[in-house]
Amino acid sequence: MTSSRDDDGDPTASLGDDAAAAGRSADTQPVHGSADSPHGRRSTDSPPVRRLDDWNADRLRSLADEYGTPLYVLDVDRVQANYRRLAGAFPDAEIAYAAKANALVDLLRIVCANGATIECASAGEVYRAREAGIPGDRIRYTAVNPPERDLEYVVDAWKDDPTLTVTAGARDTVERLAALEYDGRLCLRVNPGVGAGHHENVRTGGDATFGIPAERLVETAHDAVERGFDLVGLHAHVGSGVLDADQREAHRRFVARVADLATEVVESVGSLEFVSVGGGFGVPYREDEPPLALDPVAETTHDAFADLDVCLSIEPGRYLVADAGVLLTEVNTVKETSATRVVGIDAGMTTLLRPALYDAYHALRSLDPDASDREPVPQTVAGPVCESSDVLCVDRPTPRFERGDVIAVGNAGAYGAEMANTYNSRPRPPTVVIDGSDSRLVRRRESLSDLTRLEAAAREGVAE
Ligand SMILES: *Cc1c(COP(=O)(O)O)cnc(C)c1O
């Protein structure tokens, strides 16, 4: 099987002084931006949203010159500012970063140094967290229908470091963990029967796929305790992209329901260390959308759990990284047709899948110095894949894009690089991290030979 513990390094090594220092300095960083932001329970040091227009065009253009396009750019200062704002609104909660939004090892190390736990959705994400040197007590693994290979890897990781936590979303998963002789820290994922989110594909809270049916929860919890598991937590996830008032109302019903279920478990099985209410903190993708008002969401959550003696845990993914990242792409073709103006770019559904998958809106901006003088015209911006879903927008009025322009695509920090794929045999773009006035390449561009490497390995008889 795929146990690859030998190249994991030493996951039990703590984050070390660097990380601890970064955590401390995060709290003492100078305040910039508005200190009396209306959002966040305490004054925060950053505006609640960074729009695409707020990025420095010259700097982005020079990164595109240096590294080529397409290119993902991620600003770690913005990630940390988002983290501090959320931590300010939820001062007593544990923050577990959902790695699936962007699982770069560098990023996991940074959010962990700020105090976060890492919420992992696969063995691969657990592997990444361990590569980042994150100790087991800051790693949670929550998989949906976990492949056996994943469970085996995670159980091996647990043998190395018994402080990690596994979340099971089905009775079968509990039984399979027991069969692998796992009897460590266990959290149960419940299906609360209430969901919310920006698109039906991400409203997981009420979808039967996710979590133990609420009516089976207490029985499953009993069973787990009897089998010798260390039952420490209860988990539920409402969905992704909770932003507007309707979704916030669904969120209110959701946290109330989770609190009721937690109370039932505590009353019949015993105390719990934590209850996680998942992620789903929305970010505005459209320029005119207001940011999520964190305070009411925090207050509702806090109120729902007021009578329970548990640590509250939240699992932001997108909230921490979406507006910290942009995708840079170059215009290579402009075609005027009787129907529309088609702008061809070197990025598309293989680099940013969200528009094709969810019909998602991402802001677009030319970084050309003259771009702001150009008049808006309806434009369809299309990628290089021969599929009609390979478009970032259709007939969107935007200042005219010209061949050779570098275009910045907003909010690409979450579910951008992470969902990239090599369809059409297109190598995946590199990622550059901006860190203050420095920048560094944290993932190189895939090459054409990377595309055939695994086939070459198979020809040479390398099995894994
Ligand atoms: C996807 C996911 C998250 C994060 O969702 P966001 O919308 O990015 O905040 C958190 N928890 C679980 C279990 C998830 O599957």
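Don't overthink the numbers, they just go from 1 along the chain as shown.
Placement of Cβ uses the backbone N, Cα and C atoms for every residue, glycine included.
Database features (TrEMBL):
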ACT_SITE  C386  active site, proton donor
BINDING   G280, E315, P316, G317, R318, Y415  pyridoxal 5'-phosphate binding site
BINDING   R318, R354, Y358, E387, Y415  substrate binding site
COMPBIAS  13-27  compositional bias 'Low complexity'
COMPBIAS  38-53  compositional bias 'Basic and acidic residues'
DOMAIN    77-322  domain 'Orn/DAP/Arg decarboxylase 2 N-terminal'
MOD_RES   K100  N6-(pyridoxal phosphate)lysine
REGION    1-53  region 'Disordered'
Inquiry  = Taking only C-alpha atoms and a 10 A limit, tell me which of K100, R354, Y358, C386, E387 are near G317 (pyridoxal 5'-phosphate binding site). These are the recorded positions.
reply    = K100
Task = Can you figure out which of K100, R354, Y358, C386, E387 (the recorded positions) comes closest in space to G280 (pyridoxal 5'-phosphate binding site), comparing Cα atoms?
result = K100
Contacting recorded positions for ligand 1, chosen from R354, Y358, C386, E387, Y415 when the Cβ sits under 6 angstroms of any of its atoms = none
Ask   = So what's the mean pLDDT when you look at the domain 'Orn/DAP/Arg decarboxylase 2 N-terminal' (77-322)?
value = 93
Task = Measure from the Cβ of E387 (substrate binding site) and count the other Cβ atoms within 10 Å, all protein chains considered.
result = 13
Ask   = For the recorded positions listed here, K100, R318, R354, which shows the highest count of neighbouring CB atoms within 10 A?
value = R318
Note = If we take the Cα of Y415 (pyridoxal 5'-phosphate binding site) and draw a 10 Å sphere, the recorded positions of Y358, C386, E387 inside it are none
Key: Cα within 10 Å of R318 (pyridoxal 5'-phosphate binding site) - qualifying recorded positions among Y358, C386, E387   = none
Inquiry  = Let's check the environment of G317 (pyridoxal 5'-phosphate binding site): how many other CB atoms sit within 10 Å of its CB?
reply    = 24
Task = Looking only at C-alpha atoms, tell me how far E387 (substrate binding site) is from E315 (pyridoxal 5'-phosphate binding site), rounded to the nearest Å.
result = 35
Message = Can you tell me which of the recorded positions K100, E315, P316, C386 is spatially closest to R354 (substrate binding site)? Compare CA atoms only.
response = K100
Remark   = DSSP output for Y415 (pyridoxal 5'-phosphate binding site) maps to coil
Among Y358, Y415, the one of these binding-site residues whose Cβ has the fewest neighbouring Cβ atoms within 10 Å = Y358
Message = Residues other than G280, E315, P316, G317, R318, Y415 within 8 Å, Cβ to Cβ centroid, of the pyridoxal 5'-phosphate site?
response = A98, A101, S240, G279, F281, Y319, L320, A414
Inquiry  = Between all pairs in G280, E315, P316, G317, R318, Y415 (listed as pyridoxal 5'-phosphate binders), what's the biggest Cα distance, rounded to the nearest Å?
reply    = 15
